[in-house]
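K.L.:
In case it's useful when we look at the structure, here is the feature table from TrEMBL:
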COMPBIAS  262-271  compositional bias 'Basic and acidic residues'
DOMAIN    33-132  domain 'Gnk2-homologous'
DOMAIN    137-245  domain 'Gnk2-homologous'
REGION    251-273  region 'Disordered'
TRANSMEM  277-299  transmembrane segment
Amino acid sequence: MATEISRTMLFHFLFSGLTFTFLVTLTISFDPYFLHYCANNMGNYTANSAYERDLNTIFKQITSITKSNYGFYSKKVGEVNAMALCRADVKLDVCTGCLNETISRVKLDCPNNKEAIGWSADCTLRYSNTNLSEKLEINPQTCLYNTGSTADEYFRLRLGELLSDLRNKAASGSALLKYAAGNSSLRASERLYALVQSTPDLSEGDCNHCLDKTATNGILRCCLKQRGCRVLSPSCNLRFETYPFVEAGAEFPPPPSPLGARQKEEEEPNKSKRTPVLVASLSVIFGIAVVSISGFLIWKRRNNEDTEYREIQLLDLVEGRIDM
């Protein structure tokens, strides 16, 4: 069961000299399927050492990002190298929230390890005292699989075709994003959904190779007869299910064109010349306050429903083991 943390948000609205205080409690759930790897053979750092300070600096930088950067972040401070990769279909706030949680979990599970990996539902975090950039790392691999099973050869045939197609699309992506998601038909009205992604610093060949090994070795050794599975490695990952799981409409937009960037620069000076003048009566202010509260409560209810739906989707997942 997910561990829950309650945060209280305090809203103040002024009306006729009175202060209205509204207490709203938000519930945030930890990812119950977080996985980690501690590289015990790479040594440990000591408390208050330069390595720990550099590592904490990187963690602060990663969790303070304000631009999507297509979900990929590569940092180096002192001796510490770090990489973070968010699923390309999640929004920036989901990405940063996932990275915050993953950092906390890795620090608890791999205390003082100089090298570690944390895999969460929406992101992957790696750090090491060795170079990580443009370096293909297939191992260690791990997986989570759906307990629903199938012996249908047609299912595995369609899965292989879909993953092969997505692998080629992702590998041919840019240096900003190597990701692909899609679906294909199965028997009757059933469909198969899949997502593949690698770190975009990899070459096309390395990305293709990573996803190929993840699909062949990972699925073969972990979830060959399962109806859903996630195979996770340091440089890439994949997932397939018989229900849609990709966040619709949340994928990162394509890079802006040079023309679009110039137009934006030209518009900025004009914006600075505009001075908005706001005139509002007490009744208007009160109306805005009521609408704001109503909108927030509606968002909270929908957010709770989305969280419950995502947790229901994951109930049948169990951790698998991939022996190398």
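Quick reminder: no glycine exception, Cβ is built from N, Cα and C everywhere.
Model, not experiment: these values are computed from the prediction.
Mind running through what each feature is packed against?
P.N.:
Across the domain 'Gnk2-homologous' (33-132), mean pLDDT in this model comes to 95.
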K.L.:
I'd like the per-state residue tally for the domain 'Gnk2-homologous' (33-132) from DSSP, helix first, then strand, then coil.
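P.N.:
The counts are 38 helix, 29 strand, 33 coil.
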